[in-house]
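S.K.: Quick one: this structure, given as structure tokens, is what I'll be asking you about.
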């Protein structure tokens, strides 16, 4: 029935346009021109979005933000594109601008997936503004209503940061069952095992993660910490130094300075 309605939505306007052409070709041409102009105005956000995506893929985030903003300022722009812009603002440390965009979106009736994406990104903004507990509360509320990989990744990580390791273990083990292919979920679980002193379990997680060619700083940093606890300091140093090959991520507490401190501490323990 739904397919039939979709077909009718296409056929009926085409048939009406055909009739207008039969009656008066000039009117028909003018109508087509009007439709084309309307479509161009209505969907012009796509031009900006394509440019933004191209720059984003190339790692040119400043340029990407310019075109995401242009797309977002157009009334017909879909909410998921606006959310992408807000998330990009967050990743580039424009916290107030990201929060403003997200708050505007919350005032609208959003599709379920966009609604929860907005809530999850809002939680990350709260965290980066120094409100970790509030961020966790937001994600816990989302967890009651909606489950997805991104939710598990964010909630699992912030629970570790809040040092609520029992809850972190519960969520991250559940997350691993939900999607064990997510490298972020694996890292969250391994980090939880590390802080709970379960080094063998943490080692198992990180060994698999590194062998799967993880390409982010946290995996090698945390693996290095685990190996150090297991007394395998040469391997620990190898992985800690490997961590320095990767870029820092603003949405993480791990940075090059922390890694260098861990390297120094491990070297001193080896003496």
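Placed from the backbone N, Cα and C atoms, the Cβ positions cover glycine too.
Model, not experiment: these values are computed from the prediction.
The repeat 'TPR' annotation in TrEMBL covers 149-182, 217-250. Among the features that TrEMBL reports, transmembrane segment is placed at 7-23, 29-50.
Give me the lay of the land around each of these features.
M.R.: When averaged over the repeat 'TPR' (149-182), pLDDT in the model lands at 98.
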S.K.: Helix, strand, coil: count each for the residues of the repeat 'TPR' (217-250), based on DSSP.
M.R.: 24 helix, 0 strand, 10 coil
